[in-house]
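J.: Sharing a structure below in C-alpha cells format, with a few things to ask.
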Amino acid sequence: MIKLAPSILSADFARLLEDVKKVENAGCEYLHIDVMDGHFVPNITLGPAIVKSLRKDVNMVFDVHLMIENPDLYIQEFANAGADIITVHQEACTHLHRTIQNIKSLGIKAGVSLNPATPIETIKHVIEDIDMVLIMTVNPGFGGQSFIKSMIPKIYDLKKMIDDRGLNVDIQVDGGINPNNVIEVVKAGANIIVAGSAIFNSENISETVDKFRENSKI
Ligand code: DX5
Ligand code: ZN
C-alpha cells in the first residue's frame, strides 16, 4: 500500500488550513511541507512558524522537505514546530552522517533527498541510518513541472540496494507525479508518493486521491 503525501506548495497559502483539511479528510497520510530558502533552490516558501500553526489542527504525519543550505541550523526549530520526518538534501550537507544523527537525536525520522543528477551511491554508507530516501523526479524549486522519466531506473536501483541489504527504508518520490504515471514509480519500488499540483489543482480532491490509490495497485 502506498502512502500519499500532498505537497502544500500547490495549496492556496491564504487558505492553507482549509486546503490542508481537504487532503486530511480525503485520507492522505502525510503532509509534505516544502521549505525553500532562495539559495539551495531559486524559490522561497515557508518556515517553522507555519508548521507550528498547522500542527495544532492537523493530525497527518508532517513530512518536512528542507530544500535549504545549512539545514543543521534549522532542524531543531522544525522538530519543535512539530515535524515528524525531516528530509535534507545530500547536496546541501557536507557532513551528511552528522546531520542525520542530529535529526534522529531529536526523536524524529530522518530522510535524505537526491536531486535528479545525484547518484544513489552517494548515500550507500548512510542508508542504514535513515528512514526514507526521497528521489526527486523533477529539479527542486517549483511545483507543476514535468516528471523526469530517467528517474525510473534510479528508483529500481535504489529499491535493489535497500532489498539486497535487507533494510526497511521508505522510498519517496517527488515531482510531476499524477494519477496517470503513479503506477510507473510504484512498480519501480516507491511507496510514499508526493503530489502537489495533481492534488491541489484538481476540481475534486477526494476523487483525485481515490484515483491515485486505484491507479497505484500493482
Ligand atoms: C519541488 C517540491 C515538490 C513539489 C511537487 O521542488 O519538492 O514537493 O511541490 O509538486 P508537483 O507534484 O506539482 O510536481
Ligand atoms: Zn518536496
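From the backbone N, Cα and C atoms, a Cβ is placed for every residue, glycine too.
Note that this is a predicted model, so its numbers are computed, not measured.
So TrEMBL says this about it:
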type	residues	note
ACT_SITE	D34	active site, proton acceptor
ACT_SITE	D174	active site, proton donor
BINDING	S7, H65, G141, F142, G143, G144, D174, G175, G176, G196, S197	substrate binding site
BINDING	H32, D34, H65, D174	divalent metal cation binding site
J.: Per DSSP, D174 (active site, proton donor) is which: helix, strand or coil?
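T.: Reduced to three states, the DSSP call for D174 (active site, proton donor) is strand.
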J.: Out of H32, D34, H65, D174, point to the one nearest G141 (substrate binding site) in space (Cα versus Cα); all of them are recorded positions in the record.
T.: D34
J.: Counting other Cβ atoms within 10 Å of each Cβ, which of the binding-site residues S7, S197 scores lowest?
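T.: Counting other Cβ atoms within 10 Å of each of the binding-site residues S7, S197, the minimum falls on S197.
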J.: Out of G143, G176, which has the highest number of nearby Cβ atoms, where nearby means within 10 Å of its Cβ, if these are the binding-site residues?
T.: G176
J.: To the nearest whole angstrom, what is the C-alpha distance linking D34 (active site, proton acceptor) and S197 (substrate binding site)?
T.: 13
J.: Between D174 (active site, proton donor) and S7 (substrate binding site), find the distance joining the two CA atoms and give it rounded to the nearest Å.
T.: 9
J.: Max Cα distance spanning S7, H65, G141, F142, G143, G144, D174, G175, G176, G196, S197 (substrate binders), Å?
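T.: Of all Cα pairs among the recorded substrate binders, the widest measures 17 Å.
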J.: Does DSSP put S197 (substrate binding site) in a helix, in a strand, or in coil?
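T.: In three-state terms, S197 (substrate binding site) counts as helix.
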J.: Where ligand 2 binds, which of the recorded positions D34, H65, G143, D174, G176, S197 are close by, with Cβ under 6 Å?
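T.: Among D34, H65, G143, D174, G176, S197, near ligand 2: D34, H65, D174.
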J.: Listing them in sequence order, which of the binding-site residues S7, G143, S197 have their Cα within 10 Å of that of H32 (divalent metal cation binding site)?
T.: S7
